[in-house]
Amino acid sequence: MNEKSLRVLEFNKIKDELKKYTQTSAAKDLIERLHPYESAYEVREHLMETEEAFKISIKKGDAPFSGLYDIREAISKAQRRFTLFPSELLRVANLLRASRRFKGYVKSDDLSEKYEVLESITEGLVPLNGLEEEISKCIIGEEEISDRASTTLFNIRRSLKDKTSSIKARVNSLIRTYSSHLQENIYTVRGERYVLPVKVEHKGAVPGLVHDQSASGATLFIEPMSLVDLNNEIKELRLKEKAEIDRILAFLSGKVYENVDVIKVDADILWELDFIFAKAKYAQKLGAIMPIISEDGHFNIINAKHPLIDPKKVVENNIYLRDGITSVVITGPNTGGKTVTLKTVGLLHIMAMSGLMITASQGSTISFFKEVFADIGDEQSIEQSLSTFSSHMTNIVNIIDSADENSLVLFDELGAGTDPTEGAALAVSILENLRKRKTKVIATTHYSELKAYALKVDNVENASVEFDVETLRPTYRLLIGVPGKSNAFEISKRLGLPDYIIEDAREGISEETLKFEDLIQSLQHKNIKAQEHARKAESAKEEAVKLKEKYESKLDKFQDIREKAILNAQKEAKEIIKEAKEEADKILKDIRELERMGYSSDVRKLLEENRKKLKDKLEKTESKLNQPKEVGEAVTNVSEGDELYLPKFETKVMVLTNPDNKGDVQVQAGIMKIKVNIKDLRKTKETKIEKRQRKKKQMSLNLKSVATSVDLRGMDSEEATYTADKYLDDACMSGLSEVTIIHGKGTGVLRTAINDMLKRHPHVKSYRLGNYGEGGNGVTVVELK
């Protein structure tokens, strides 16, 4: 595709908008290289991937790109066996996490709705769960290594903590001893060593090593001799800590090196997916649709809108090139929307052929073209001193040299900028030449000669942009099949030009021309009325379809509920009948045995007893089938912590909140939290002893399974909040008193969301950011009630 047309049609602006929806700079690079594809097959394939991403993101929410970065530099370093920074390793882990999650994200359990293209792409993803877990365990922030990274690091940091506590106690004691010699009763740190701020005139009173002096010279920062050994020990521990961290980073970097080929493939696939889902997000923002792709050179774009014009201001138009037509000639006033129409046709074709959905209505058809040529606007070169006409003609010469039956050509004001007679003749000749080649052409013009040409010649159709004579404003509506009419007399009259001047002007025009213009005006009015009726009919049809879909949905839902109820009832009945049948078989077996033995009086008596037993059992079975299901006693007062029964789900629930003014409460049903009205709840028959035993057993089970921390890194705010909320419930039920939520440092968005949730969580007593060694700002430590 020629670059000039892409530039003139402003495809670069579309790509700039598309980049806003990517997560990585690698995906932005893919967008920068985006061009129309070279075959209709490729176009359909890439449109299908966009449509699948569009559908899956609506059904399942945003794709799992959270925490994904461009790691090309980290991959390059790993290939050269360099040690990676913690931030780089963390991003590698995030990429591996995204790989793992994406495979599940695109997998559909619904056989009727498969995401074949996306599933094919994600088949190449190879999650490295072990490496992901190893990095996540060791690195808890872009600059912080976890105490859990190794036993050695844990022991070093524990010793550091002990030594730091000792030196702080010692230095506080020295502050009290030397308080009269200090500028302030505080300690400070210079070169990672604890020192005291001693007045310069009292330096002899505090024996020790001078490390620094204040800017004013009034204070010396002295390390007392009694702190030297402790400071040395702390310094030594910090060096050991650094050495151990370097070893851990080198070890993890080595693991990345061992798997670098797999990681590189995963990264390439994820960046491609980032690009694909950016196309889907942009389509959602535009309200775009998946077009049908034809290869016959004809198209029908329904309610086409220019994607770069404000949606509140843009005018929709039906733009089509029907079967048997190769060229459309559009006439109408300046600023009437002719140029926008040309750009809309060209840009929507470029977008579709680049795998992007288009701003139009469902059912729209786009044709695949090998080339789209556009001579729009005045791109003359001042340096070349080209006139408007020369500039356009230079461009037209290039188009004539290259265009064929697989090309779409867009001409704006064909033949303008020179003598009208010669310009019109040239325009007709150019159109005729391209018509003979079967090149598809849309051209705008002011020349009446081109209107006449379109009326006389096969395969060429007239069109016009509508003009409202009452308001003297263009409506920007395109009328295909109707040539444009000159409105000079009507406009002049409404602006106040005397009638006698207008009449004199009319006399200068042939009667045939006037009749032709009147015919055009009549056609325009009829076309406008027909389109208005069509719009109303379409609106009524859409409303009817929506109502039909609404009630069909309700009917389907009712049918599902009914079938489920019948299925449950049948299942229960079968169980009861099965029990009765087993009992009956046993009795009949006994009867046959008795008959074989003969009929003594004792035997006959036993036989009658067994027959009566069978009869009673069957009567009980029938009674059980007809007996309504017991749902328990209704409740009137409900409090937080009550355990009740929810009949509609046939499960016990725990009440989490007191009733609001409508009687609604939040309850926990298994892993679900739902809101119900107290009238839907029933008392349980469970005794207090059973309840205590069950709770004790449940707590025992939970204590075995609930960890003391939860890792939320790589999740978005919504997923992280839900996961943390559920985790806190489980931790509380397990009897844990303190837990750690790992959210990472990053931009702070995740930490803020978690803090907002913790403020109002019923199980939270207090919370704080982690201390050094716990994870710092990358974790939040929560104390539970």
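Glycine is no exception: its Cβ is also placed from the backbone N, Cα and C atoms.
According to Swiss-Prot, the ATP binding site annotation covers Gly332, Pro333, Asn334, Thr335, Gly336, Gly337, Lys338, Thr339. As annotated by Swiss-Prot, domain 'Smr' applies to 710-785, with the evidence given as sequence analysis.
All features noted in Swiss-Prot, drawn onto the structure.
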residue: Gly337; record: ATP binding site; Cβ contacts under 8 Å, 6 or more apart: Val315, Val465, Pro474, Tyr476, Arg477, Leu478
residue: Lys338; record: ATP binding site; Cβ contacts under 8 Å, 6 or more apart: Ile330, Thr331, Gly332, Asp412, Thr444, Val465
residue: Thr339; record: ATP binding site; Cβ contacts under 8 Å, 6 or more apart: Ile376, Gly377, Asp412, Thr444
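If you draw a 10 Å sphere around the CB of Gly332 (ATP binding site), it holds 27 other CB atoms from the protein chains shown.
In the domain 'Smr' (710-785), helix, strand and coil residues by DSSP number 31 helix, 19 strand, 26 coil. Confidence over the domain 'Smr' (710-785), given as mean pLDDT on the 0 to 100 scale, stands at 84.
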